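Single-structure report; data block below.
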Amino acid sequence: MALSDRLLNAWYNGHPALKLLRPLECLYRRVVTGKRQRFLAGEGAIYQPPVPLIVVGNITVGGTGKTPLILWLVEHCQRLGLRVGVVSRGYGAKPAQLPWRVSAEDCAAVAGDEPLLIVQRCGVPLMIDPDRGRAVQALLAAEPLDLILSDDGLQHYRLARDLELVLIDAARGLGNRRCLPAGPLREPAERLQSVDAVLYNGAVDDRDDGFAFHLKPSVLVNLRSGERRALEHFAPGQALHAVAGIGNPQRFFNTLETLHWRPVPHAFADHAQYSAQALTFTPSLPLVMTEKDAVKCRAFAADDWWYLAVDAQPSPAFVAWFDTQLMRLLPDRLLP
């Protein structure tokens with residue numbers, strides 16, 4: 001088991017050795033708390049975009065379903081007639097220059113897997129740059145936009161924001177509620193009290209402190225041909241190889257089991273780079289992966305490789321709340 005996997009297991013399931021990391025946790029807390037206090041005090045250079053900006057992020061390490069929710073937010077805003085763009089750090093991306101506008105024809109090595117997925121799925125203008133303020137400026141110089149979504153960046157305080165949405169895995173919660181490296185938190189748990197909304201991925205109902213949303217499998221897509229098949233393409237009990245290089249691979253494997261398939265799980269590191277050899281398994285079975293992994297595997301995919309597309313399904317209460325926020329932020333663009 002890789003060190004990162006061991007840490008995740010310890011953070012969410014407990015391990016006595018984590019006590020040894022508490023001095024480092026105290027140092028980390030001081031650094032991140034001081035960073036936020038300087039932001040609140042207006043110290044340092046902070047870029048204020050001329051259009052509303054919404055941050056969609058985490059306070060935990062590991063997958064929370066952020067990319068599917070961003071896709072939902074983009075498509076929802078587009079349905080309302082809003083011109084929306086996205087900025088992202090572009091984790092793992094190696095573009096020729098920064099900032100870089102992602103094209104649907106880019107490869108994942110250039111654009112990053114998540115930004116490429118977002119552009120290919122909904123055609124939204126998207127700029128990557130670790131300096132998100134610079135990414136926003138470049139995006140606005142290229143496109144007349146009403147609204148910008150920041151893919152992650154909750155802790156990127158040099159970029160002012162109008163709304164903060166934080167995602168939490170409902171099953172794992174905040175783990176041991178400790179900050180890095182003794183726990184999975186990027187910021188102390190109290191930070192949740194200052195965000196605008198918390199969304200719990202996998203929650204059945206809304207909670208007093210947040211909204212529920214879940215990921216709904218929608219269709220199987222063949223990596224080579226692009227052919228779309230209903231989920232019934234695989235009969236109940238079908239054995240298949242399951243590949244997931246995401247923050248929480250087990251969630252993907254569990255989803256396949258809820259569809260009554262029998263996945264042989266192959267978990268990879270988040271943002272893993274693949275090759276045909278790395279994905280050659282025995283026995284020979286159909287292979288199903290996440291959409292995020294698929295953008296990196298199309299060039300060498302076999303005929304029986306598929307990805308499972310999933311759609312975020314936020315609660316009606318969140319949709320109503322979000323529409324109210326959009327009305328507040330963009331009163332001239334959205335008439336009541």
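Placement of Cβ uses the backbone N, Cα and C atoms for every residue, glycine included.
Under the heading ATP binding site, Swiss-Prot lists Thr60, Val61, Gly62, Gly63, Thr64, Gly65, Lys66, Thr67, citing sequence analysis as support.
Other than the site residues Thr60, Val61, Gly62, Gly63, Thr64, Gly65, Lys66, Thr67, same-chain residues with C-beta atoms no more than 8 angstroms from the centre of those residues' C-beta atoms, the ATP site, are Asn58, Leu167, Asp169, Asn201, Gly247, Asn248. Non-local neighbourhood of Thr60 (ATP binding site): Ile168, Asp169, Arg172, Leu174, Gly175, Pro184, Leu185, Arg186, each in the same chain, at least six residues away, with C-beta under 8 Å from its C-beta. Residue density at Gly62 (ATP binding site): 19 other Cβ atoms are found within 10 A of its Cβ, drawing on all protein chains shown. Around Thr64 (ATP binding site), taking its Cβ as the centre, 26 other Cβ atoms fall within 10 Å, counting all chains. According to DSSP, Thr60 (ATP binding site) sits within a strand segment.
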